[in-house]
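J.: Feature annotation from TrEMBL assigns domain 'G-protein coupled receptors family 1 profile' to 43-294. Feature annotation from TrEMBL assigns transmembrane segment to 27-50, 62-80, 142-165, 209-228, 240-262, 274-294.
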Amino acid sequence: MPTFNLTSLTPAMFILAGIPGMEKLHIWISVPFCSMYLAALLGNGVVLFVIRTERSLHQPMYLFLSMLAIADLMLSTTTVPKMLALFWFGAGEISFGACLTQMFFLHFTFSAESVILLAMALDRFVAICNPLRYAAVMTPAAILNTGLVALLRSFCIIFPCIFLLKRLPFCGHHVIPHTYCEHMGVARLACADISINVLYGLAVPFAAIVVDVVLIAVSYTLILLALLRLPSRTACHKAFNTCGSHLCVISLFYIPAFFTVLTHRFGQEIPHHVHILLANLYVLFPPLLNPVVYGVRTQQIKNKVVKVLVCPKSHWLRE
């Protein structure tokens, strides 16, 4: 039985309930979830390995792709192992500190990945709309600073959520109807006014993501206008192909995210277990599909993957 600190009313332990109403199906649900997680680990690991070992891929676009792969690994690894432990062994107990840690890294990674996608859009904008200045703008220092900005902005946005939760009393409520800890899921267990949590949790992170989406849309609008002015259809097709993978990844990241947020806020008629399933799939689909998208649509990565995996001996001899 969870114990409580009577002075602070902070629970020593939370209980993750899994997917309410589908407890008998947890084992069966874990099979595709585990398969997708292992495939995501393999896919992103291969992308990181290929970019790390192939000097010809040490370019801004692929370095940003490395950041995206690391963020995808963090996004899924923050939640899926605990989720599988819950499904397989009924290990739903999670300490208050571990719950806040999981919540922080979940939202932190989501915010950081949004910044990385914005940086990738700006990279394509400079490469297509101002190619003569590309080498001067997209320097190693600029790429490093972009990574630092992603970390710093995400930290500044998400870190206050920890204090917004730690100030709340919980009065014995400790069962979270979810497979992982997230800000509002924990806040709703409090026996106090959580209007500040609702306002901050919706307004601040949502506003930051919306700004990223608007800037990405502006970048691609300018890119499209630049492509339409190209005299050669071949050059236009080639330039558009370089953006196609990124547009697919953007769609995989933002569309499910906004759909999940909107259904969670306004879809009261949607069954609760559907909300939970969508939230679980969201932390699995982008990490699973992003390497596939880039591996299939980006010829350079496809060629290097084939070279490294099919002819590893000659590759290492050359290295």
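First residue shown is number 1, and so on along the chain.
Keep in mind that glycine also has a Cβ here, set from the backbone N, Cα and C atoms.
Worth saying up front: this structure is predicted, and the values here are computed from it rather than measured.
Give me the lay of the land around each of these features.
T.: Packing against the transmembrane segment (27-50) from elsewhere in the chain are residues 19, 57, 65-66, 69-70, 72-73, 76-77, 80, 83-84, 87-88, 280, 284-285, 287-288, 290-292, 294-295, 301, 304-305, 308-309: each is 6 or more residues past its ends and has a CB under 8 Å from a CB in it.
Counting only same-chain residues 6+ beyond the ends of the transmembrane segment (209-228), those with a CB under 8 A from a CB of the stretch are 111, 114-115, 117-118, 121-122, 124-125, 128-129, 236, 239-240, 243, 247, 250, 254, 257.
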J.: If you average pLDDT over the domain 'G-protein coupled receptors family 1 profile' (43-294), what do you get?
T.: 88
J.: Mind checking which residues of the chain, 6+ beyond the ends of the transmembrane segment (274-294), have their Cβ under 8 Å from one of its Cβ atoms?
T.: 18-20, 33, 36-37, 39-40, 43-44, 46-47, 65, 68-69, 72-73, 75-76, 78-80, 83, 106, 113, 177-180, 182, 245, 248-249, 252-253, 256-257, 259-260, 263-264, 267, 301
J.: What else in the chain is close to the transmembrane segment (62-80), if you only count residues 6 or more beyond its ends and a Cβ gap under 8 Å?
T.: 33-34, 37, 40-41, 44-45, 47-48, 51-52, 102, 105-106, 109-110, 112-113, 116-117, 119-120, 123, 143, 146-147, 150, 179-180, 249, 280, 283-284, 286-287, 290-291, 294, 300-301
